[in-house]
Amino acid sequence: METLVVDHPLVAHKLTALRDVRTDSPTFRRLADELVTLLAYEATRDVRVTDVTVETPLVSARGVRLTRPAPLVVPILRAGLGMLDGMTRILPTAEVGFLGMIRDESTLKAQTYATRLPEDLSGRQCYVLDPMLATGGTLAAAVRFLFDRGAQDVTAICLLAAPEGIAHMDETFGGTGKPIRVVTAALDERLNEQGYIVPGLGDAGDRLYGVV
Ligand SMILES: O=P(O)(O)OC[C@H]1O[C@H](OP(=O)(O)OP(=O)(O)O)[C@H](O)[C@@H]1O
Ligand SMILES: O=c1cc[nH]c(=O)[nH]1
Ligand SMILES: [Mg+2]
């Protein structure tokens, strides 16, 4: 599995503001949206394209267009929804599937409460959106759903990742030879006793959707 920590001053600037406990929900939503677009630019570096020729007003020119079928983008509800607009802004023809997952805060195990994915993902490139990669239980389950339906490769875009989550993904998929990438704005220090990323940004879903 490949992990890419995007090293860019604008990414660091927006992430710092997201971490700030004083950032209110409307600002948090806007920053998350902007940050995803920057991460998505890096995450889509390997998106498949097909050679085409276009007519400019002057001559024929060679170029590319996205290979069809377009990639599948899968936000993990609830918090991943806050990343969908930022992603589809740069990949407007993407198909969108949904996974609803919640982590039981006492066991830290992920439970799936909704799946709305194409049945057949043979040969498809997939992008999973979830702001937080903590223990990795949620992302591992989501990635398994996609590979079970035939996905060719999966890239997860996470605002923040913990070393424990990256290690869990490596242990789960490392020996499978499946192409998986995690693209994140930062690899934080650790998880605390409650499974929260430290220094982190708190509960991403609550901060996005106004509980705090
Ligand atoms: O890596 P893990 O330890 O599995 O934890 C990460 C998950 O926890 C959060 O979702 P949460 O369960 O809080 O649901 P929500 O999006 O509805 O807030 C987050 O958005 C991830 O999906
Ligand atoms: O730090 C964390 C860990 C899991 N989920 C969150 O929203 N934040
Ligand atoms: Mg939450």
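The backbone N, Cα and C atoms fix where each Cβ goes, and this holds for glycine too.
The model shown is predicted, which means the values in this text are computed figures rather than measured ones.
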Matching residue for the 5-phospho-alpha-D-ribose 1-diphosphate site, where TrEMBL names Arg78, Asp130, Pro131, Met132, Leu133, Ala134, Thr135, Gly136, Gly137, Thr138, Asp203 - out of Arg62, Arg103, Arg181: Arg103
Those binding-site residues of Asp130, Gly136, Thr138 having Cα within 10 angstroms of Ile197 (uracil binding site): none
Maximal Cα-Cα distance (Å) across residues annotated as binding 5-phospho-alpha-D-ribose 1-diphosphate, namely Arg78, Arg103, Asp130, Pro131, Met132, Leu133, Ala134, Thr135, Gly136, Gly137, Thr138, Asp203: 17
Tertiary neighbours of Met132 (5-phospho-alpha-D-ribose 1-diphosphate binding site) (same chain, Cβ under 8 Å, six or more apart): Ala79, Cys158, Leu159, Leu160, Ile197, Gly200, Ala204
